[in-house]
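*Asks:* Below you will find the structure I want to go over with you.
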Amino acid sequence: MNPHANMIIMSSLILGPMITITSNHWIMAWVGLEINMLAIIPLIAKQHHPRAIEASIKYFLTQAAASSLLLFSIINNVWNTGQFDITQPTNMLSSTMMTAALTMKLGLAPFHYWLPETLQGTTTMMTLILTTWQKLAPLTLLMMINQSLNTSLLVALSLLSMMVGGWGGLNQTQLRKIMAFSSIAHLGWMTMILTLSTKLTLLTFYTYITLTTTMLLTIKLLETNKMSTAMTSWTKSPMLNAMMMLNLMSLAGLPPLTGFMPKWLILQELTKNHMTIIAATSAILSLLSLFFYIRIAYYSTITLPPNMTNYSQQWRHKNQQKPYLPLMIITSSMLTPIMPTFMMIL
C-alpha cells in the first residue's frame, strides 16, 4: 500500500472513534462512525486474497445496514423531540432502533453472524483491531444513551450473546473464530450491566481489551492460527506457551485471575438489584465459554492428543524480543488483588 494512503487510512481509523466519543451531536457521532468504517475496509482487504475480499464485503454490508438504521433512528428522534443532543432522553421507538443499530455494529447476538466470518478472513493483527478498537465508538454511544435504553431488551440480548458465544465456539478449530465467539460472549457481559452501572461496563471493557490483546499478540508471536498448529507451538517458546494457558483461564473468568474480577462484580451488582435468576443464568452460560478455553489450553500446553494425522514438528526459532508482552501477561492474569484501586479510579 502507498505510504501516503496508509497514513491517511490509519489517521482516519484513529480519528473516527475520537470524533464519536467527543461529540454531543448525533450527526457528528454518526459521521465519526462512518469515517471509522470507511478506513477499516481497505485494511481488511489489504491481503488481495479471496477470503479477505469476502470479509471486507461482509463487514461493509453489515456496517452500512447498521449505519442506515442508526441514521433513520436519529431522524425519527429529531422529528419527535426536536433536538440532536445525544444525552437527552429519546422516545421508545428511536431508542429501540438505536439499540439494534449499535448492537449490530458491536457484533452482539442476534446480529453476530458477520463477526466470525470477517475475523476468519483477515490477519491476526486486523483481528486485534476489529475486536478491540472497533468496539470503542458503538459502546461509548450506548453508554451515553443508557438512561433511555430498555433494560429488559439489553438483558435479553446479553443472555443470547452469552449463549451464542459459548455454543458457537465449542466446535471451532480456528483460533480467530474462537476469539470472535469469545468477543460475542464478553460483549454480552458488558451490555448486561450497561443500564445498572456504567463503571462496571467500562471496567469489563478495559479488562476485555487487555485479555484479548495479550491473547492475540501471543497467537501472532507463536505463528499459530488453528488447533493443529497450536499443538506443536510449545517448541517455539515453551514459557510463552505456558503463559498463554494462564491468559486463556483468565479469559474464562477463573479466580483469582484478572478475568474473574469483572464477572464477580457484575454478578454482585445483579444480585443487589434483585436479578438473581439472571445472575445465575449468566454464571451457568459462562461455563460454555470455559469449555473451549480449557480445550485450547489442553491441546496447546498440557498434552498432545492422539490423532490420525501426522503433524510436522515446528522448528524452535530464535526468540523475538517483545518487551511489552511479559507486562501484558502479568496484567492479564494478576490484577484481581488491586480491584479496589480500580473501583476508586472509576
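Cβ atoms here come from the backbone N, Cα and C positions, even for glycine.
Pulled from TrEMBL, these are the listed features:
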- 23-288: domain 'NADH:quinone oxidoreductase/Mrp antiporter transmembrane' (DOMAIN)
- 27-45: transmembrane segment (TRANSMEM)
- 57-75: transmembrane segment (TRANSMEM)
- 95-115: transmembrane segment (TRANSMEM)
- 151-171: transmembrane segment (TRANSMEM)
- 178-197: transmembrane segment (TRANSMEM)
- 203-222: transmembrane segment (TRANSMEM)
- 243-265: transmembrane segment (TRANSMEM)
- 277-298: transmembrane segment (TRANSMEM)
- 290-343: domain 'NADH dehydrogenase subunit 2 C-terminal' (DOMAIN)
- 324-345: transmembrane segment (TRANSMEM)
*Asks:* Which sequence-distant residues neighbour the transmembrane segment (178-197)? Criterion: at least 6 residues beyond either end, Cβ under 8 Å.
*Replies:* 103, 106-109, 112, 115-116, 118-120, 127, 131, 135, 139, 142-143, 146-147, 149, 151, 154-155, 157-162, 164-166, 168-169, 172, 204-205, 208, 212, 215-216, 251, 262-263, 266, 269-270, 273, 278, 282, 285-286, 288-289, 292-293, 296
*Asks:* Across the whole of the domain 'NADH dehydrogenase subunit 2 C-terminal' (290-343), what does the mean pLDDT come to? Round it, please.
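*Replies:* That stretch averages a pLDDT of 68.
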*Asks:* Counting only CB pairs under 8 A, let me know which of 27-45, 57-75, 277-298 has the most with the transmembrane segment (151-171).
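*Replies:* Of the candidates 27-45, 57-75, 277-298, 277-298 scores highest.
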*Asks:* Can you say which of 27-45, 57-75, 95-115, 243-265 has the most Cβ pairs under 8 Å with the transmembrane segment (203-222)?
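*Replies:* Of the candidates 27-45, 57-75, 95-115, 243-265, 243-265 scores highest.
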*Asks:* Of the stretches 27-45, 95-115, 243-265, which racks up the most C-beta pairs under 8 Å with the transmembrane segment (57-75)?
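*Replies:* Looking at each of 27-45, 95-115, 243-265 in turn, the most contacts to the transmembrane segment (57-75) are made by 95-115.
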